[in-house]
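Listed features, source Swiss-Prot:
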BINDING   C51, C54, C70, C73  Zn(2+) binding site
DOMAIN    47-315  domain 'CoA carboxyltransferase N-terminal'
ZN_FING   51-73  zinc finger
Amino acid sequence: MSLMNWFEDKRRFGGLIGAFIEKATKGYILNERERDKYIKIDTTKGLWTRCDSCENMLYVRFLKQNKRICEECGYHLQMSSIERIELLIDHGTWQPMYEDMVARDVLKFSDEDSYKNRVIFYQKRTGLTDAIQTGIGKLNKNLVALGVMDFQFMGGSMGSVVGEKITRLIEYAFKESLPLIIVCSSGGARMQEGTLSLMQMAKITSLLQFYQVRKKLFYIAILTYPTTGGVTASFGMLGDIIIAEPKAYIAFAGKRVIEQTLRQKIPDGFQVAESLFYSGLLDLIVPRTFLKGVLGEIFELYSLGVYKESNSYLF
């Protein structure tokens, strides 16, 4: 089935999460459940969880097999960066980069707890050094540079470490002429770092300009629930192709902030992926189960027609 036919089916069912996706997702779920009968789970964190959309109780073992998609309503629950790397990258090909980079508390920021203690807490909780993992790996045998933000680490907030790791990833992709994918999941800039976090927006954006315009290389932004604030206002919306997951919350400011500023009521659902897609702000909405295949097809098309400038290295 072509992508155009796929979208026509969604519109015919009155939305991108219609009966077609539900059936396809359930079929995928049954296949994965049979294949991964013995998947391991951490029983100390509980055996059951609840869907954020339909509130149906979900068995954690099946949920992991389902790529964290609710088998009742098709809602896409949040994934960790580790799970997303496993979803997108061919097994055994992932090479992480800059794992030892950690944030410094230069402002000595403190509210209910110090910033330093908060970082340590989330490092122990997630096993990550900060809110993003970067590296290179093969996606359907295509070598790509990949950055995956993790909302479980301080709400995926963008601080100096996140900005620097993305910057270095783009530099590496620039030098090696690799396509770039960034999976966004963030509450925005990290307030505990002040202007150091805000400047990451300009730093990443300016480097992407060289990457996309000067070197004619290919950047795909994948927006997941939630993508907000400074990430939306910078690299999140600069992809040559912008893909979102179904029903992903994508915004700059929250609904209440907008309503209080404009002093008028904002309609429900205007900041979800489907609304942005119909307004022309997104290129594709792709269910998680199909994402790797769709990206593989895009990279095949890209490899047939890519234009690369020679002798124009910035670094």
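Just so you know, glycine gets a Cβ as well, placed from its N, Cα and C.
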Tell me, if you would, which residue among C51, C54, C70, C73 (binding-site residues) has the fewest other CB atoms within 10 Å in the structure shown?
C54
Would you list, in sequence order, the residues of this chain other than C51, C54, C70, C73 that have their CB within 8 A of the centroid of the site's CB atoms, where the site is the one recorded for Zn(2+)?
D52, S53, E55, N56, L58, E71, E72, G74, Y75
Over the span of the zinc finger (51-73), how high is the average pLDDT in this prediction?
91
